[in-house]
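First the structure, in the form of structure tokens, and then the observations on it.
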């Protein structure tokens, strides 16, 4: 008996049997050790005994009992599992003799099962015979699984029933009702049927973007085969979906994958055209299993495809078809393309309506029709990097799951009562320990409140339980109706007219009537739990997925938006025109009035340095997102050279940094609802403006990897110092800009930027130099910020009007704007104050007054001692 003639599975089984012997400290490997492993899930021998009629759980128990009866050996020099027992050696010799009789080249595990049944003296054989398992039954099971094949390779066990092992019968799935209905793809299904009916090149390949429904078309074909709604040449055909993952998984040795695929193809060939094979992600077969000197899977398929022995349906995406299939012209030639386009919003709504019942039954919720319409429309508008109907189905599924989770959690009212109960019980326990009159009186009040809260809790709990039971009953009734409809379909397909009539005129109308009555009796408006999916829930899911505020405005948000201009004015002083223009753009967008194909707003801020251009962008970000760093800031001084322009959208293929993506496109792809600030735009290379043209006009930009990035939910702000000298000189005492200056600045802008760029910007806003009154307000804001930093030390700052005016006058330089103020306050307020704190003259919990004396600032400590 040569171990080289053992199959891989048998060699592995012997190794595992040795491990079992070592774990149990048995000196020899016996029959129970080997069969303990061979009857594990996934093993061939387990399948053989199962088909022969053995109770596998009881068989495992019997093997454990036999293993427990073997004596445990202990000692220093004992080699556990080092040799075979005489019974196992006899079994192996008998199995080898049977191998020769069967004409097998290798000894396989199924031959071992056949040989075991001939060992009448073995304990395991006796047990199987007692259970009614005979040698004939085991042989029949082996013959069924082998399908007339001999063992000619070391991996033969992997090749038995290859289609069942590596594929899924889609027609069987459809017959059992395990597939979702396919709606609105009749044209593509008919194309597939036409191609399958051809004499040559009868292999369709479905090509389309991910999520458009390629696999659904194949499932639709399977459902048509079940209904008999196909030409005669396709009736009674079987449609198998090949799982390339499980076919490749575990193929350790060269040639093992090819052997498995050959076994699948052999079964298909034997079926004499009755099996149609479907390979999803068919591009994987190009190059699969290819190593140096070997063929890939695609080359194994070519001869059968050419001779018409294999009917194959493939599915792949446009990019992968181009990348893999088109390179192999011989393989591509054998397929006929069927292009699967993304369905329209209207078609998607029809698909969602068709699947509505399936979602309702699965989640146990009610889905409103307007929620389906919202899912199709909102996903089409806001989720731009995916395709319909997949993204719309995701929204409905996610919203339904959210409602289901809420239904299984305590309602808010009940939760509040439970918390109140806990608080009162803690208070009652504490008061019981007190004896004074006030505590006794309070205890009586607490006990009354406790009794009332317990009654309320009981009422709410009963109401909630009743609602849950009602929902479950409704869900069960829907499931029963769905099953009855599926049974009717099967009865009609099988021409069981009596059963069909019984279902159509008896069971189904009765269930529909009961369901209608249940829905009419439930008054959902006063329920504790929300059990229906509405457009609001869909909008919330979109907001969570994209970060774009799609949901209806709640009262607090309305108030916030109506006062957006006021909040911006508080932070940005002296620039009313700019603040109003930006806040109006935001209001238009949130009211849904802006052009859906352009950014929310695009502005160019012109003005001298330090007048609030960048500050306004930060203030807007803070008001919209509650954080002023929630914006994409691009410093255009970094894009002065032609070579650096590509960094915005990402390097072209073949260049360093191609995989990283662009600094602008990646930032907006991750945060589609954001403010994009192009700081110092005039410093950028002219090529940058060419990139921005399509962003400003169509709200989209294609990055270096060919992906389209959506800018329709961004506010674009460009700042520039162009015409600063003119703006500084052309302002009157009240801070108003003269018409001549305005015209001169616009001429300067037009000479610097191309007309097609300027024409696409919503508004060009000129920031005027700050007046003294505005500077005084800024001083107060800067002192307030300093005061906020001192709050940790519990130190309060106060500033007198004289000090404020003096700082404004001394620290402001019109040419430099408000920025020198910060430096002035750092030198004249922060530094002296820091010295006072370090010296211990300003203690915590004290108030420091900043006053003006003899043309310099003085700090007066108004100490407040702790109470």
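Note: Cβ is positioned from N, Cα and C throughout, glycine not excepted.
Residues or ranges marked as ATP 1 binding site in Swiss-Prot: 208, 209, 210, 211, 212, 213, 214, 215. In this structure, residue 209 (ATP 1 binding site) belongs to neither helix nor strand by DSSP; it is coil. In the shown protein chains, 16 other C-beta atoms lie within 10 A of the C-beta of residue 209 (ATP 1 binding site).
Residues or ranges marked as ATP 2 binding site in Swiss-Prot: 607, 608, 609, 610, 611, 612, 613, 614. Listed in sequence order, 574, 575, 767, 768, 769, 770, 817, 818 are the same-chain residues six or more apart from residue 611 (ATP 2 binding site) with CB atoms under 8 A from its CB. DSSP classifies residue 611 (ATP 2 binding site) as coil under the three-state reduction.
Positions annotated as domain 'Clp R' by Swiss-Prot: 3-148.
The region 'Repeat 1' annotation in Swiss-Prot covers 6-70 and rests on sequence analysis. In terms of DSSP helix, strand and coil, the region 'Repeat 1' (6-70) has 47 helix, 3 strand, 15 coil.
Taken from Swiss-Prot, the feature region 'NBD1' covers 161-342, and the record attributes it to similarity to another entry.
The region 'NBD2' feature in Swiss-Prot is assigned to 557-769.
Highlighted in sequence order, 605, 615, 719, 721, 767, 817, 818 have their Cβ within 8 Å of the centre of the Cβ atoms of 607, 608, 609, 610, 611, 612, 613, 614, the residues recorded for ATP 2, and are not part of that set. Comparing the Cα of residue 215 (ATP 1 binding site) with the Cα of every entry in 607, 609, 614, these being the binding-site residues, the smallest distance points to 614. Under 8 Å, Cβ to Cβ, and six or more positions away along its own chain, residue 607 (ATP 2 binding site) finds 613, 721, 724, 727, 766, 767, 768, 769. Within 10 Å of the C-beta atom of residue 210 (ATP 1 binding site) sit 13 other C-beta atoms, taking all shown protein chains into account. Mean pLDDT for the region 'NBD1' (161-342) in this predicted model: 81. Summary of the ATP 1 site environment: with the site residues 208, 209, 210, 211, 212, 213, 214, 215 set aside, the chain residues having Cβ atoms within 8 Å of the Cβ mean position are 315, 317, 340, 342, 387, 390.
If you check the binding-site residues 608, 609, 610, 612, 614 against residue 208 (ATP 1 binding site), none has a Cα inside 10 Å of its Cα. Sequence-distant neighbours of residue 614 (ATP 2 binding site): residues of the same chain at least 6 apart with a C-beta under 8 Å from its C-beta are 677, 679, 719. Neighbour density at the Cβ, taken as the number of other Cβ atoms within 10 Å, is lowest among the binding-site residues 214, 613 for 214. Among the binding-site residues 211, 608, 610, the residue whose Cβ has the fewest other Cβ atoms within 10 Å is 211.
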